[in-house]
């Protein structure tokens, strides 16, 4: 395969080299910072430190009416009413300055702007009131008792949190997988007598009658999803966040991923709100900010089916209260456990201390311009936060089962069904692999019992027959017919959806494990390809690894600065697991080891991504020179192409159809320079950069070639592996 | 060899006074006072002042287990016959692990120096010159030791633990400007180091001698140059020799019905020359100005000659103002010998006031408003909650009626006005001027306090708060006995960053203490000066040394203060408002004045003092890359 070129060529083509250089330069120094900031916890995390907070001595009524004497975030905090906060924002020098500027620039009377500002702030503002919180807490307790078998909080992490608050503003940054996240944090804080957070939420809720009000009263404030160039809104929003930070009355909570992750993978962090929240530190208004990444792990996601449809392109219903009531039928189901872990609090001062400008020569009312160094560091912090969330996940056994089941469905002939015995055995070996990658697996009893319990919670997706056969259920059949006009992507055929929806749902749980496996998987595949091409030298492998890593950097949290660290760690782990040969004669040469089964599983995990990206490449290649396409057009035709491949059995993983995946593919191609992003009249359009794109397509194709043969089976064949909803009811 | 020149007892001869006074002009309505000022502090300072701490030998803070708390002299009438306020005592015990009743853990300073003072390095030619000019000097150990330190925490700990590496080799007492010229010329000729000495009250390690210095070090003590040479009431100026200390200056001037009004915390002991060379600031600067506002003319003796402006006019446009090379030169360029300063009539009325605010932020907002309206009285300072509480340690023994009155006041404050004991802060004001002015000012201030929820807390509290200032340094020394290390540091900051800075610095110190396992510590601050563009903030940081020995504790203290200063600067503050640089804050100077600024200083130094005669090593470490 000469087209691959030399490793250095592959690496060279990956991304703007200077960016990487910049990150690499920052790396050693920050590595020190981090070692200092975040000493690894004394011992490995264990399940025994998690306590079920629903399992408490007092009854719910006593619990919600307890005396409220929370631990203060900062000692200097003074409690402000909603009106006072609004007044503080309005009278802040920064706001005054903005209004004056806008008034003279746009020739608008100031009074009009003041009125507009006031409206914005009323729309935005939170109105946390304890009676509502208590009442809400009571209802939540009842609901949670019904659908969850426990809300487990790492009490060691609570103690650690308590010790680090009291002096500085606190930001909670939970992972975001479900709407339930909003309420959970406040619920936990109430339980542990920690000042309730004020939560940044999207505007979507406000329009829901009653719900908007309820969330406001529980401490949510609302930010419009997009406000483009609206300077007044931007100023109002940043001043609102900053007054909350500097006043330090409540912890501020926001989701660094920006939105719920439909895929259960962490989303690439958004930097806007984080930058705004850090500004008081960077401009010397507070001495430090404590950032607490939080992991919330769900055994089963409330929105699992909904997400599955959404990813395939079936439109998301607009948030409405009646919709919410309809969704209440979730109350009849069981959703297992929730695990919450507050990770080691991060001192922003430790992260940014060396960057803080020694001379503040600008008055506070002028907006702070984030310097390039600060910006690099903010990206780092954001990625670090997400990684901490991932590292502190509690992985459900079902996620591991999902990996095994998917692998089985994709690779084994149709007559060969998976039985419980095989599943248990394979989950056991995968569990020990995951544990060696640092995972904490929720396995409280012996594996067999735990696994059965885990499967039971997901009985709507996976059924175990009496004779021990494990099968995927066709959940799609129960849904109402979908109006093709409403499809966000390509209008997929019914039979595609029938296999697709459950496969994407299953992938949701596979995805929960991917942060553990992604680097080892990339390394495994790179080693294999390198060996196939007669090299196996470490630097050749590294170059291939770098390509894949860059390609997937919009899909997974693969911050550049960690390239080498991740690579070395993965190699060590893979050697320990026998995926790579440990008995190295030449330390610069890598070879595959005896554990080919794990190697196959790891490589197969990359299949849907490589297949999706490969198709996105082909689609973009077909765009004639000089022509452009919108993102939506690109997604639609890629989905169409993928569906064809699925129907003709050239591909068999339906997750490739995921719109999130394909969007990430286009973004990735764009940042690799294979696709050019243009803005025309506010619309974003893409055109191919033919030479570069051809090169990338070829390399992706070569990688896909390596993974694809492992699993080749047609959609029809696959469909037979599923049992229909109707059957399942019998 | 004789270790002393002039005996201490023998008064300077009359002819020498005439010789020294001959240069003064006698014109207009100027009053000539060529007589020697009777110095409050004797030439052999250690006979009146503590050798290892602040202030007079006879004045010590004493706390008896029966609750009596007092100072052992009549010098500070406000500190007489007090009782320990029990709640504050418990608070101190809780916060600083400092139990006033527990004498068992106290480590008192040795009564006399316990260290070996090394033999002086002697430059015979220089000494011969001194004797030829008949200039008074001493080589006795206690004289040399007294001039080898200031009042930095490091200085005090080193004195008490006997860890002083190098002290001046000789102390000389010039009697007038001409004597200084002779000494400086001699030193230049024979390559001898001169470190000018005024009151010795710096807190920047400015007097610490370089242990590596192989040349003879001369401490040039200006204390015998303490005359008020003339007072000119037509122009309201006075010409004074630089060695006069604050209390003597005001006493002498008041004989002519005028005062300087310059009142730094160290006013009892610090000298006019010291004020000029460190850019000092006085508590009543609102009325009288900081030292740079007070100075009209300076006579400055350097190795390259005498620099002066040759003008008594109020302002001059003659290129850069070279007075500003002298102001803040910290003894590194030459000796200030005579200063003409502005004076004011002795005020008809002096009145005090105090106001309570519910929270620090309200207090800062009030101060800002006062500055905006330019309504500041002579002195205006905002004291934070921690310092307010510390101030409550003295309880007047007023009898039962006093305490009932107190409790009614407190009841009103907490229960009716809703001020929390652990949040409130106090503003103290001093008014000076004629009666009508003072009344008008008071009314205006009172009105402004109301806007920020301030309550009048009476003039007695104001007076007490103001005079407490003079005893703080005594208390600092007493704290060391109890194992508590304490020191102050200050900065100036724009208004909009003032409250943030106070909070952030406190937070930072608290974080650093925690990181070092220090469980008992306290940081308090006060806003002591208001300006149009900002304020001066003054911090006290104290911690209990726990199991650490004094040197380890001192090292920890310095580390934390360094982080705190970094934070001050990161929050928009600066290197110093009035303490100066010395050897303690050199690290930040290039950042503060830009590297070019440092080079400019080096160029000036090279021009004025190429052989580094004035090698006190303050401001810039010339050894680093000269």
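Every residue gets a Cβ built from N, Cα and C, even glycine.
All annotation found in TrEMBL is predicted automatically rather than curated by experts.
Residues or ranges marked as active site, proton donor/acceptor by TrEMBL: B:538. Per TrEMBL, the feature FAD binding site maps to B:278, B:279, B:280, B:281, B:330, B:331, B:332, B:333, B:334, B:335, B:336. Residues or ranges marked as substrate binding site in TrEMBL: B:476. Annotation comment: TrEMBL describes B:164-346 as domain 'FAD-binding PCMH-type'. Residues annotated as site 'Important for enzyme activity' in TrEMBL: B:381.
Known features from TrEMBL, placed on the structure.
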{"residue": "B:278", "record": "FAD binding site", "Cβ contacts under 8 Å, 6 or more apart": "B:202, B:204, B:206, B:328, B:330, B:578, B:579, B:580"}
{"residue": "B:280", "record": "FAD binding site", "Cβ contacts under 8 Å, 6 or more apart": "B:262, B:264, B:270, B:274, B:290, B:291, B:578"}
{"residue": "B:332", "record": "FAD binding site", "Cβ contacts under 8 Å, 6 or more apart": "B:605, B:609, B:614, B:616, B:617, B:618, B:619"}
{"residue": "B:334", "record": "FAD binding site", "Cβ contacts under 8 Å, 6 or more apart": "B:184, B:300, B:301, B:302, B:303, B:307, B:326, B:608, B:609, B:614"}
{"residue": "B:336", "record": "FAD binding site", "Cβ contacts under 8 Å, 6 or more apart": "B:196, B:242, B:273, B:276, B:277, B:298, B:299, B:300, B:301, B:326"}
{"residue": "B:381", "record": "site 'Important for enzyme activity'", "Cβ contacts under 8 Å, 6 or more apart": "B:283, B:427, B:428, B:465, B:526, B:527, B:528, B:529"}
{"residue": "B:476", "record": "substrate binding site", "Cβ contacts under 8 Å, 6 or more apart": "B:54, B:486, B:487"}
{"residue": "B:538", "record": "active site, proton donor/acceptor", "Cβ contacts under 8 Å, 6 or more apart": "B:488, B:489, B:490, B:525, B:526, B:527, B:528"}
Residue B:336 (FAD binding site) - helix vs strand vs coil (DSSP): strand
Longest CA-CA distance among B:278, B:279, B:280, B:281, B:330, B:331, B:332, B:333, B:334, B:335, B:336, per record bound to FAD, angstrom: 21
Overall pLDDT of the domain 'FAD-binding PCMH-type' (B:164-346), taken as the mean: 96
Secondary structure at residue B:280 (FAD binding site), reduced by DSSP to three states: coil
Three-state secondary structure, residue B:538 (active site, proton donor/acceptor) (per DSSP): strand
Reduced DSSP assignment, residue B:381 (site 'Important for enzyme activity'): strand
